[in-house]
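Q: Quick one: this structure, given as structure tokens, is what I'll be asking you about.
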Amino acid sequence: MLNWDTPIKCALKTPLLKATTSIFISLYPAPSLSPMASIPCTLPLLLLLLFLGRYPAAQASEPERATYIVHVAKSEMPQSFDHHAMWYESSLKSVSNSAQMIYTYDNAIHGYATRLTPEEARLLESQTGILAVLPEMRYELHTTRTPQFLGLDKSADMFPESNSASDVVVGVLDTGVWPESKSFDDTGLGPVPSSWKGECETGTNFSTSNCNRKLIGARFFAKGCEAMLGPINETEESRSPRDDDGHGTHTASTAAGSVVSGASLFGYASGTARGMATRARIAAYKVCWKGGCFSSDILAAIESAIQDNVNVLSLSLGGGMADYYRDSVAIGAFSAMEKGILVSCSAGNAGPSPYSLSNVAPWITTVGAGTLDRDFPAYVSLGNGLNFSGVSLYRGNALPDSPLPFVYAGNASNATNGNLCVTGTLSPEKVAGKIVLCDRGLTARVQKGSVVKSAGALGMVLSNTAANGEELVADAHLLPASAVGEKAGDAIKKYLFTEAKPTVSILFEGTKVGIQPSPVVAAFSSRGPNSITPQILKPDLIAPGVNILAGWSKAVGPTGLPVDNRRVDFNIISGTSMSCPHVSGLAALIKSVHPEWSPAAVRSALMTTAYTVYKTGAKLQDSATGKPSTPFDHGAGHVDPVTALNPGLVYDLTVDDYLGFLCALNYSASEINTLAKRKFECNAGKQYSVNDLNYPSFAVLFESGSGSGVVKHSRTLTNVGPAGTYKASVTSDTASVKISVDPQVVTLKENEKKSFVVTFSSSASAQDKVNAFGRLEWSDGKHVVATPISINWA
């Protein structure tokens with residue numbers, strides 16, 4: 001046995017061995033051992049090996065690496081380098097011998113993407129000429145009767161069939177494209193525009209022959225995703241531009257798909273499908289994979305799109321909120337805007353919560369979602385004679401003619417969340433042969449249907465909860481199913497809880513059009529205020545985003561579930577992912593008529609002609625509340641493309657205007673450089689104000705500490721129509737804020753600019769400090785140029 005009091009002389013010759021022996025003795029104290037033994041000279045080494053084996057955390061480990069995007073001040077490249085790529089390589093090697101560049105950028109940003117440890121990232125960011133080292137961000141997808149609903153079918157003569165319409169290119173950043181879709185037929189289109197510099201990349205199940213005069217470009221960007229998650233599994237998804245998800249084909253065909261007659265989903269919404277800009281060309285940039293959409297890949301796609309010469313960029317994706325100089329989509333969109341490219345992004349599907357928006361940079365057109373005047377009724381008929389209206393896209397084996405037993409999922413499960421019909425929570429013996437009522441939440445709507453079917457049930461009623469209200473979203477369920485609103489769901493549950501032997505039938509009624517009121521703001525559509533810059537009103541506008549029919553991928557069923565073996569040419573889905581490409585396509589239409597207009601002018605035309613009331617004069621409704629919606633819900637209103645072609649006046653913006661806006665935000669020189677890719681010094685002698693950005697809306701912010709206050713906003717109008725005299729009128733729903741316009745009348749020649757100031761004077765008491773809304777209109781008797789107003793207190 002060991003004698004811990006014996007002097008240890010021969011063996012403890014190194015600090016490490018001394019320390020190890022000391023720690024070992026502290027872990028195994030003397031009382032547990034006999035004080036009779038002497039210590040051999042080899043013991044400390046044995047103790048070291050034993051200690052390291054028992055406590056592996058004490059061993060040195062390699063710090064974990066992550067992907068970072070390195071923003072570089074290109075103008076600060078040392079003279080010792082002949083090319084910026086050599087400088088990038090040198091800067092990277094100075095902090096890591098093993099790191100490799102994943103991408104280099106020169107259009108979307110100046111810099112590169114690489115894998116670094118946190119310490120290497122910190123060291124790199126401290127170097128001269130390095131503006132920022134930002135961690136990789138993962139973005140998520142924000143997942144037809146539309147042309148008729150928007151009036152495009154009646155106004156075809158207003159949109160040119162000339163080369164100008166087919167020279168416009170819409171770039172779509174998404175899950176890729178299914179090139180065989182009829183929506184990408186190039187019949188009737190002329191040669192690819194000479195300005196086009198893009199290409200058709202090859203890869204898994206995709207070759208250059210998959211492109212044509214409609215789908216003129218297709219690229220894929222996977223390096224960022226693979227750096228984070230490992231190589232793409234090509235047995236599950238194509239490492240190529242091919243769309244295995246369906247989302248990208250749907251958004252691309254919505255924006256600029258060709259005319260396809262006889263389109264439908266299982267006979268639902270049957271008719272002619274067409275994109276918003278049927279003669280525009282499409283370029284697909286695949287940036288989204290099963291693991292998500294990564295910022296390094298998104299920037300690489302924007303980099304290529306700028307170089308390829310697209311005219312419009314459509315991004316139906318979003319991530320967490322961040323300052324503009326830390327948001328890769330905002331940074332890439334700024335570079336696109338500088339090149340004259342309009343960038344349209346989805347607002348997000350996090351509604352109806354306030355402050356839930358994505359993509360709020362003022363150089364991005366932010367699109368919320370509204371409904372169409374079309375529905376797919378599926379009635380729920382209870383055994384007590386009560387009937388409730390729901391919706392469904394189910395097409396398959398019919399239910400028996402006689403009513404079936406009916407059960408609430410929460411009573412057919414031992415799980416606390418059994419009411420949500422999550423996988424594995426239903427008891428087959430309690431649901432077999434019955435129809436099950438499930439509550440929405442936690443898992444996808446179609447996934448609930450799959451769970452119910454696998455448990456042996458014959459059908460499902462899906463009930464909205466308070467989070468969804470009365471909004472009904474139709475799905476192509478795997479079993480007979482109907483989705484009902486919250487009120488109907490509550491009434492049905494009351495029947496289930498009080499009836500001893502409840503029964504139910506589901507009656508499918510196909511497609512109904514002329515549904516009123518329409519549009520209404522979708523409950524899922526993300527809402528303002530703008531959490532990054534409250535003085536910029538977002539969303540900008542809404543467009544159709546509920547139950548939209550468009551092209552689909554043959555690699556996946558309409559539900560997207562692995563168990564769904566059905567294959568369709570068209571699918572009906574919902575989300576601001578669907579509303580965004582509507583606006584992208586409409587922007588392409590306007591660009592074809594007015595090729596000289598800036599992205600800001602095109603957006604202004606879409607916003608100032610949007611409508612906020614129905615033909616009856618009633619205000620647009622919010623599906624989440626059943627009450628009138630506000631500019632925090634619908635922005636400037638619902639898009640009206642026919643009127644947008646001839647707006648009369650526009651609120652235009654230049655790159656310098658946006659730089660002044662960044663100065664007003666008190667951004668540092670390096671933060672501005674990250675966005676602008678060049679040195680820009682804010683003028684110390686100039687007073688910048690966010691309120692002076694020439695935006696086609698007014699978000700008025702009073703400081704809450706003051707009982708009264710005055711806020712001024714300045715704007716400049718540009719006449720894009722004939723010479724005329726416009727008069728201002730203001731409406732508001734609050735008497736505690738006085739609104740005045742100076743001057744109230746402006747006379748403008750063709751292409752002339754005139755400025756005006758709007759003064760907001762508050763006399764609000766504490767109880768009056770609630771959100772208020774209004775509207776400013778300029779009219780010459782023919783044109784109405786409208787801008788929304790929101791008023792709130794910080």
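Note that Cβ sites are derived from N, Cα and C of the backbone, with glycine treated the same way.
Curation does not apply to TrEMBL; its annotations are automatic.
Because the structure is a prediction, the values reported are computed rather than measured.
As annotated in TrEMBL:
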- 67-142: domain 'Inhibitor I9' (DOMAIN)
- 166-621: domain 'Peptidase S8/S53' (DOMAIN)
- Asp174: active site, charge relay system (ACT_SITE)
- 233-254: region 'Disordered' (REGION)
- 236-248: compositional bias 'Basic and acidic residues' (COMPBIAS)
- His247: active site, charge relay system (ACT_SITE)
- 417-492: domain 'PA' (DOMAIN)
- Ser577: active site, charge relay system (ACT_SITE)
- 692-791: domain 'Subtilisin-like protease fibronectin type-III' (DOMAIN)
Q: For Asp174 (active site, charge relay system), just count the other CB atoms lying within 10 A of its CB, please.
A: 28
Q: Do any residues at least six apart in sequence from Ser577 (active site, charge relay system), in the same chain, have a Cβ closer than 8 Å to its Cβ, and if so which, in order?
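A: Same-chain residues close to Ser577 (active site, charge relay system) (Cβ under 8 Å, separated by 6 or more) are Leu141, His142, Thr143, His247, His250, Thr251, Ser316, Leu317, Ser346, Asn349, Gly545.
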Q: Determine how many residues of the domain 'Subtilisin-like protease fibronectin type-III' (692-791) DSSP places in helix, in strand and in coil.
A: 4 helix, 61 strand, 35 coil
Q: For the compositional bias 'Basic and acidic residues' (236-248), DSSP counts of helix, strand and coil?
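A: Summed over the compositional bias 'Basic and acidic residues' (236-248), the classes give 2 helix, 1 strand, 10 coil.
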Q: At a 10 Å cut-off from the C-beta of His247 (active site, charge relay system), count the other C-beta atoms across all protein chains.
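A: The answer is 26.
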Q: Mind checking how the domain 'Inhibitor I9' (67-142) divides into helix, strand and coil residues in DSSP?
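A: Counting residues per DSSP class in the domain 'Inhibitor I9' (67-142), I get 21 helix, 27 strand, 28 coil.
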Q: Using DSSP, tally how many residues of the domain 'PA' (417-492) sit in helix, strand and coil.
A: 24 helix, 17 strand, 35 coil
